[in-house]
Amino acid sequence: MSQYDAGDLPPAPEKKKSPAEEAAEKRREKLTPGSLMKAVIRSGSGDLTPADGHQVVLHCTTRTMDGIVVNSTRREHGGKGIPLRFVLGKSKMILGFAEGFPTMLKGEIAMFKMEPQIHYAEDDCPVTAPNGFPKDAELQFEIEMLDFFKAKVVAEDLGVVKKIVEEGKGWETPREPYEVTARITARTGDGKEILHSKEVPYFFTLGKSEVPKGLEMGIGTMVRKEKATIYVSCTYLTESSLMPQVEGLEEVHFEVELVQFIQVRDMLGDGRLIKRRVVDGRGEFPMDCPLHDSLLRVHYKGMLLDEPKSVFYDTQIDNDGEPLEFCSGEGLVPEGFEMCVRLMLPGEKSVVTCPPDFAYDKFPRPANVPEGAHVRWEIELLGFEVPKDWTGLTFKEIMEEADKIKNTGNRLFKEGKFELAKAKYEKLLREYNHVHPQDDEEGKIFANSRSSLHLNVAACYQKMGEYRKSIEACNKVVDSNPVHVKALYRRGMSYMLGGDFDDAKKDFEKMVTVDKSSEPDATAALLKLKQKEQEIEKKARKQFKGLFDKKPGEISEVGAEPADDKNVSDVAGSEEPVTSADRDGSRKPSPRAESEHAFEEERPGLIGRLWPSARRIFSSLGLNRCTIL
């Protein structure tokens with residue numbers, strides 16, 4: 001049985017109050033009987049009253065107890081005719097207002113009598129009384145509640161507030177540098193129309209100061225087809241082509257209908273690679289985009305940016321009307337092309353302007369596209385297929401799918417696309433987290449494959465010059481198998497290339513202790529390490545030559561390089577060994593060409609021994625980066 005009876009349940013834990021709620025409660029303690037009195041002059045309509053988060057719009061006239069008007073928003077009492085606006089729970093206001101406004105109905109007129117400590121004479125009052133205001137006197141505040149509504153606070157200082165008049169469609173909102181089409185009218189705070197409605201909607205680009213800053217901020221919170229009133233104070237009324245004259249305006253109320261906007265994306269953040277969505281696709285962005293590697297089907301037309309009529313390829317004509325099919329993440333299309341397609345929805349049409357380094361300067365260039373050309377692609381994403389789900393596959397089928405992905409990574413590595421190759425290997429490693437071998441044989445195959453992938457990742461990092469990350473990838477193999485010769489060799493090479501000669505030497509020496517057959521490879525690596533150390537020492541001697549040979553009072557210059565130092569080779573950039581098969585089938589390093597390939601592939605020992613000659617043959621054929629797998 002429970003330790004509590006049915007009628008004796010433990011009290012529910014009290015909800016922790018926010019700092020704002022605690023502050024309001026502390027202010028409320030200043031209220032004393034009779035300090036705040038209310039008399040209804042005219043009843044309002046409905047039964048709803050404003051609450052926190054609502055913006056209240058009201059006229060206020062302040063009088064002394066003798067009936068003398070000391071302040072008013074109304075023209076007949078010397079005011080400007082502009083109603084006051086407050087957001088309950090956000091705006092700073094006197095205590096009497098904070099307690100009185102939530103009691104009023106829409107359209108109600110009420111008189112509040114307040115003692116000094118309830119208005120501007122309150123200790124630590126958050127607002128300052130106007131000049132000459134009798135803040136130490138008991139006063140009467142006549143309030144007419146014109147309107148209140150749930151407000152969207154756009155600017156933290158409440159200089160921009162939005163009222164939704166009619167809900168829109170979807171959830172996406174425009175931002176820089178989206179192109180917006182909207183119907184806009186504007187009135188001053190006292191209701192004077194200053195921007196008339198037009199038949200043709202206004203077109204502008206966010207971020208180009210074509211509309212006042214506050215209006216742009218408010219539109220940035222709207223969705224398609226939404227209608228809203230955006231209240232903008234003078235601090236956010238910047239000059240623009242929409243409103244060239246804003247001087248003398250204290251606030252403006254914009255009536256906005258967001259007709260449409262075109263998604264414009266600055267893919268690189270520097271204005272060079274721009275994607276403009278001209279026809280919406282199906283689904284929700286970005287959940288339904290081909291963000292992951294997928295089989296994509298697109299129609300596209302390519303042309304030179306400066307010559308719109310110079311079409312150099314059109315799938316509708318040059319591909320017999322068939323769409324282009326390619327797998328993303330494999331470097332099969334220009335980088336800028338793929339970056340943009342990954343952010344498209346099925347059925348979407350977009351126009352892409354691309355700089356040469358993301359178009360064809362680093363990709364096989366069509367014959368009629370000159371070097372350094374900026375291009376424009378008109379792309380339609382017809383659809384895409386996500387990668388095959390491994391759920392329900394046998395272990396053999398999973399490893400076959402893994403080999404396909406790994407082979408793609410190997411191809412990318414040989415092409416010098418190390419970042420893409422690394423992404424393929426890392427993707428497989430993530431998928432391996434959900435693979436569970438069923439017996440020892442499967443476990444051995446799986447462990448070897450995973451170690452191979454980690455070392456391929458290490459080789460990619462090594463090629464990219466990120467030696468610390470290469471070492472971390474090798475550590476994942478060494479931690480699980482401290483006598484993995486290939487991992488020790490690759491880590492040692494990364495240590496050496498990164499300048500950690502002592503750690504490199506330890507790894508090369510350990511290779512011999514764990515496997516005598518790796519002694520030739522280790523010996524060659526140690527020789528290369530020694531040469532590297534000698535090169536560093538030689539450069540250091542030349543750099544500091546003569547530094548301590550001067551007489552007292554003479555100045556030596558450090559860092560001057562001899563002019564005849566052109567024949568010094570950088571060992572760190574020399575070729576690395578390949579691998580040879582060890583007795584149990586795993587690969588070991590062979591000190592001749594490792595830096596030329598990252599893959600745990602079988603290589604006959606004879607090929608490894610003859611590699612230097614073979615490499616010269618490949619070099620003469622212009623195939624320096626080829627690898628025998």
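Glycine residues also receive a Cβ, built from the backbone N, Cα and C atoms like all the rest.
Summarising the annotation, TrEMBL assigns compositional bias 'Basic and acidic residues' to 13-31 (among others). Within its own chain, the compositional bias 'Basic and acidic residues' (13-31) is flanked in space by residues 89, 95, 98-99, 117-118, 122-123, which lie at least six positions past its ends and keep a Cβ under 8 Å from the stretch.
The compositional bias 'Basic and acidic residues' feature in TrEMBL is assigned to 581-604 (among others).
Taken from TrEMBL, the feature domain 'PPIase FKBP-type' covers 53-149 (among others).
Taken from TrEMBL, the feature domain 'PPIase FKBP-type' covers 177-262 (among others).
What TrEMBL records for 293-385 (among others) is domain 'PPIase FKBP-type'. Averaged across the domain 'PPIase FKBP-type' (293-385), pLDDT in this predicted model comes to 94.
Marked as region 'Disordered' by TrEMBL: 1-33 (among others).
The region 'Disordered' annotation in TrEMBL covers 554-605 (among others).
In terms of DSSP helix, strand and coil, the repeat 'TPR' (451-484) has 27 helix, 0 strand, 7 coil. The repeat 'TPR' annotation in TrEMBL covers 451-484 (among others).
The repeat 'TPR' annotation in TrEMBL covers 485-518 (among others).
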